[in-house]
Each structure stands twice: as structure tokens, then as C-alpha cells.
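Peer 1: Below you'll find the structure I mean.
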Amino acid sequence: MLKKLAWYWSFVELIKGFIITLRYAFKPKVTLKYPMEKGPLSPRFRGEHALRRYSNGEERCIACKLCEVICPAQAIVIEAEEREDGSRRTTRYDIDMTKCIYCGLCQEACPVDAIVEGPNFEFATETREELMYNKEKLLRNGEIWEEAIALRLKKDVSYH
């Protein structure tokens with residue numbers, strides 16, 4: 001009797017599994033064939049960091065160091081000096097991407113939208129040294145992604 005009950009239960013469970021399989025076989029697929037297909041990104045997606053420039057080519061960063069102070073991972077290091085006109089500009093702006101937790105606090109703290117997290121999430125490297133971003137690398141990212149970053153910032157709603 002117990003053997004017959006176990007066989008019956010196994011058969012019923014097998015049929016249930018087939019029914020579930022058939023149900024999902026004819027539904028639209030939810031997976032993407034990455035990297036050929038890419039899904040949509042939220043305007044607030046936080047990817048690779050970039051430093052932006054004004055349209056006249058001047059760096060936006062005013063060396064207020066708010067991003068360095070607010071970074072919970074202490075991944076940002078900034079050194080600055082005063083210029084002849086009295087304004088401050090960075091001489092060193094480094095981000096250790098191995099420490100960064102992509103929280104976006106640096107972007108939120110920046111009063112001039114100088115540091116942003118762009119739409120690029122495909123930046124795999126072979127060595128840890130390549131994940132140490134200096135000012136030149138960050139400015140280059142800003143130049144490459146400026147159009148996409150500006151569009152995303154326009155779509156985004158301010159918290160303030």
C-alpha cells in the first residue's frame with residue numbers, strides 16, 4: 001500500500017512539473033541575450049564615475065571636498081590649490097574603485113554636478129591598478145559620456 005501511494009504521489013508531482021514547464025514554454029522570454037541585447041537603465045542608475053566640464057572646457061570641480069568627506073568607503077582623495085583669481089581647483093582627484101560602494105552620495109553632495117556616476121557599467125579590468133581612477137581618467141570619462149550624463153541629469157528629479 002505504501003509503495004503504491006509513493007508511486008502515485010511521484011506520478012502526480014511529475015505531471016505538475018510538466019504542466020508548469022508547458023505554461024512557461026509559451027510565455028514571452030524575460031531574459032536578455034547579453035551583451036547583444038541590453039535592458040533599459042533607470043535615470044538614477046549609478047555606474048562608472050566621471051568628472052564633468054562646463055561647455056567652455058573649464059572643470060566643474062571647485063575643490064569643496066564634500067564628496068571626499070561624505071564618502072562612506074573613503075574611496076575619494078582630493079588635493080587642491082588656490083589659483084590667481086582666488087578660486088580653488090583640484091590638483092589631484094583620485095577614486096579607488098575597489099573601495100567604492102556606488103552609493104551615489106558623492107554625486108548628491110556635489111553643489112556643481114562635477115562628480116557623477118554615469119551610465120557605463122561595462123568597465124571590467126584585468127588588474128586592480130586599472131581601478132584606481134585619477135583626475136585624467138575621470139575627466140576622459142566625463143568627455144565620453146557627457147551627452148548621456150546631461151540627459152540623465154535632466155530626466156532626474158531633484159531631492160531638494
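In case you wondered, yes, glycine gets a Cβ from its N, Cα and C as well.
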Peer 1: Cys64, Cys71: which one does Swiss-Prot list with Cys100, Cys103, Cys106 for the [4Fe-4S] cluster 2 site?
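Peer 2: As annotated by Swiss-Prot, Cys100, Cys103, Cys106 share the [4Fe-4S] cluster 2 site with Cys71, chosen from Cys64, Cys71.
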Peer 1: Out of Cys71, Cys100, Cys103, Cys106, the binding-site residues in the record, which is closest to Cys61 ([4Fe-4S] cluster 1 binding site) when you go by Cα distance?
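Peer 2: Checked the binding-site residues Cys71, Cys100, Cys103, Cys106; minimum Cα distance to Cys61 ([4Fe-4S] cluster 1 binding site) goes to Cys106.
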Peer 1: Rounded to the nearest angstrom, how far is the Cα of Cys103 ([4Fe-4S] cluster 2 binding site) from the Cα of Cys110 ([4Fe-4S] cluster 1 binding site)?
Peer 2: 14
Peer 1: Quick check on the domain '4Fe-4S ferredoxin-type 1' (52-81): DSSP residue counts for helix, strand, coil, in that order please.
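Peer 2: Residue counts for the domain '4Fe-4S ferredoxin-type 1' (52-81) by secondary structure: 5 helix, 8 strand, 17 coil.
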Peer 1: Quick one: Cα separation, Cys67 ([4Fe-4S] cluster 1 binding site) versus Cys106 ([4Fe-4S] cluster 2 binding site), in Å?
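Peer 2: Given the Cα positions, Cys67 ([4Fe-4S] cluster 1 binding site) is 4 Å from Cys106 ([4Fe-4S] cluster 2 binding site).
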Peer 1: Please compare the binding-site residues Cys61, Cys64, Cys67, Cys106, Cys110 by how many other CB atoms fall within 10 Å of each one's CB, and tell me which has the fewest.
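Peer 2: Selected from the binding-site residues Cys61, Cys64, Cys67, Cys106, Cys110 on minimum Cβ neighbours within 10 Å: Cys64.
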Peer 1: What is the three-state DSSP composition of the domain '4Fe-4S ferredoxin-type 2' (91-120), stated as helix, strand and coil residue counts?
Peer 2: 5 helix, 9 strand, 16 coil
